[in-house]
Structure formats: structure tokens, C-alpha cells
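Look at TrEMBL and you will find T99, S100, F127, P128, T129, D130, D199, H202, Y224, W254 tagged as pyridoxal 5'-phosphate binding site. According to TrEMBL, the feature N6-(pyridoxal phosphate)lysine maps to K225.
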Amino acid sequence: MTSLTREDCAKLDAEDPLAGFRAEFALPDGVVYLDGNSLGALPKATPERVSRVVEREWGADLIASWSAAGWWDQPRTLGARIAPLVGAAPHEVVVGDSTSANLFKTLVAALRLNPDRNVVVGEAGNFPTDLYVTQGAAELMGAAERRVDPDEPALEAALASGDVAVVLLSHVDYRTGTLRDMAGLTRLAHRHGALVLWDLCHSVGALPVELGACGVDFAVGCTYKYLNAGPGAPSFTFAAERHHATARQPIAGWHGHARPFDFSGEYVPAEGASRFLSGSQSLIAAAALEASLDLWSRVDLDRLRAKSLALTDLFATLTADTGLMLMTPRAAERRGSQVSLRHPDGPAGEAIVRALAERGVIGDFRQPDVLRFGFAPLYLRHVDVYDAATALVEVVRSGGWRASRFTAPQEV
Ligand SMILES: Cc1ncc(COP(=O)(O)O)c(C=O)c1O
Ligand SMILES: Nc1c(O)cccc1C(=O)C[C@H](N)C(=O)O
């Protein structure tokens, strides 16, 4: 894309088929929010939905709400509503617990499904929780852990040993924004007899995901980033139908039991992805997810992807002369919905992010040297991207960030 003027951006916004969604979010005045890849913005409909659950379903109807308000089935109901966003069948997705907990459950289930093999392959630079959970699950299962770069040659070399039970990969790299070839890498792992677990935290709600078409075995994703379900919102688990009869997860609890109200002493796993449930979920948190999924059910994912690519391309183009190194691939098929820029002097990069925040442009900094900007296509306009890029160029050129260098470090 050649550089656009602010007027060009305003024209693009006027023609944007997703433009109407912005009004459905509560966004503070004077802020360009480029951190929706960490915590998504609040849909305006959410507070009313949450208070309905609190005041009416809980406050007035009490215990009856487990059946009358659909509380018991909420993990399946919400899973079925997430399914179209990730290319899954409704009974292949359940909602509940955290991403970390679900990574653990699915990793152990995958190891148990491949009992003649005892290695878990992960990505060297994956998000820390993925690495820690892998360590924990491997240790518990008596398996070994190997970390590689998630490119095809490195992965193929690791798989060639023939002892890999499961590979855990992130669909979009949280640091660089690189989008992985889900179909190709899944095929590669399967060719070598390994199962594949994908972390969708940075792709669900950012682009169309095709778990079924790619032949994926398991996937886990969070709902508080691009899906806007609020801080600590429940995660979701995808289990391919072909594994439903045999998958056994390690936190077998009564919500994953086939007949929980038999109160039997023997565990019999439920059908479908429900066997990945454990215990009771927060129905108040589920209400916030329900409200955001109402909004998401009206989103055309191809349009979302087209706008995301246009926004990230625009930002990368407008900031190309800052001297910051672009870490995110320019090729559309390798790019998620973020732009990451590297500053050779990490603390300087952190100070630039802080100086931008003082000007109302919220991005984040990831150690050791990454300036990270996420683009949520539902509430960002082209003019926002233009303004944010202009602010970044000014901050870098004027050296205005130096004043922010010695303030307290940003924690999130
Ligand atoms: C790739 C990835 N996996 C997992 C998580 C988080 O896991 P949890 O929701 O359990 O905190 C994050 C972000 O926090 C993430 O970026
Ligand atoms: N989940 C988070 C949290 O509980 C506190 C602070 C930040 C987060 C994040 O989501 C970080 C995010 N996954 C990242 O990519 O950096």
C-alpha cells in the first residue's frame, strides 16, 4: 500500500462495511486503543447482560437458574457459538476454565492418545504459559519436552525422530504477530504420527480460523482479547470429533461426566467435547462472553480479515521511516492482526510505548525490545491508525520519549 493521507483514511472509513460495530463498544474519548490483543474493549451491551444474570437469574431465581436460565449447558451453548469463528462443529467446542488449564488438559489428553511416544514438541519463543504448562504436563506424564523454531524445517527435524506424541504451536506469535500455516504444519505433524494442539489466543476474532478443514486435533483459545469478553473471561477448548470417544483429560470432574446427576462414584466421560469440562464455571463471566458473542454472530470474518490486513499494512507503511525494525511479516498470509516493531535499545522502546500512551495511543511493550500494536478491526478506524502512526513517528523523531524513560516500568 502506498502511503495514504488522513483524508484518504476517512474515505476508507466511510466505505467500511464493519464501521457500524465501533458504536457498539465503550471506548474512552481521545484514546486510540491498540492493545485489544491483550485485553479487548468492552461491548456496550455487556454491563446490562451481566447485571441481568446477577440480579434476575441469581438474585431472584436462585438455584432454578441452573436449568431455567440454561446455566448448566452454558459451556456447550457458548462453545457452539464460538464454533463458527474457528471452523468447528458445534459439539467440538466447550467453554470453561483458563487457557492455561485447558492447554494442560488437552496436552495430557494428546499424550494419552499417543501412548507409544513420549515427546512434546513446543515453540522456543511461545507465550510463557504455554512453555510452563508443557513442562508441567511432560514432567507429570514422564515425557520429554523439545523446543524448536516453528518453521517447517526445524519442526520436521524434530518430528523425524519418530517419538513425538504431540506438537503445541501458537497460530499467531504473540511477540512478532507471525501467522503460522495451520494446514501445512498440521499435515506435517500428522505425517510423522504426532497430534497437534494449536493455541488460538492471538488468532480467534482476528481472522478466520479453519480447525476442521486443517484437520487439527485440539485447540485452545482465550475470549478476553479479540473476542471482548472481559478480563479473565473463560477460555474455550476444541477437540476434533474423531477423538471424542477416546480422549481422556486429567481433571475429570463432574461437569464432564456423562450423567452428573447420578452422583455415581465412577467417572464416565460425557460425549462430545463436554468431557473436557471439569467443575462449575463462573456464570457471571459467561454472561459477558454471551453478550460479546451476540455481537460476533453478526461479523463477516472475511471482511474482518480484509480490514485487519488493511489496518496493519497502513500502520507498517506509515511507520516505515522511524528506524524501528518491523518484526511482523509484510506478506498478508503470514501476518496476524498486529504490528510489532523492534528497538535495538529495549528500555528506549519501552519509553516510546509509554510516551505514546501519554498521547492517548495505547500499545504495549514485550521484553526484551518489542513495541507491540494490536488492531481490532471491529472498533478501529483507518483514521485511528493514521493518528497512531503519526504520533509514533513524532515521538521517535522528536526524541519526546526520553522524558518517559525513567518512569516506573509498565507491567502489562
Ligand atoms: C498465546 C497465549 N497463550 C495463553 C495466554 C494466557 O493464558 P491464560 O488465559 O491462562 O492467562 C496468553 C495471554 O495471556 C497468550 O498470549
Ligand atoms: N492475560 C493477561 C493477564 O491476565 C494480565 C495481563 C496481560 C494478559 C495478556 O493477555 C497478555 C497477552 N497474552 C500477551 O500476548 O501479552
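Each Cβ is built from the backbone N, Cα and C atoms, and glycine gets one as well.
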Round to a whole number and give the Cα-to-Cα distance in Å for the pair T129 (pyridoxal 5'-phosphate binding site) and the residue listed as 'N6-(pyridoxal phosphate)lysine'.
16
What are the non-local neighbours of D199 (pyridoxal 5'-phosphate binding site), defined as same-chain residues 6+ apart in sequence with CB under 8 A from its CB?
T99, L103, N126, F127, D130, L168, L169, S170, H171, A219, V220, G221
If you draw a 10 Å sphere on the Cβ of T99 (pyridoxal 5'-phosphate binding site), how many other Cβ atoms land inside?
23
Long-range neighbours only, meaning 6 or more apart in sequence with Cβ under 8 Å: which ones does Y224 (pyridoxal 5'-phosphate binding site) have?
L39, G40, G230, P231, G232, A233
Fewest other CB within 10 angstroms, which one of the recorded positions F127, T129, K225?
T129
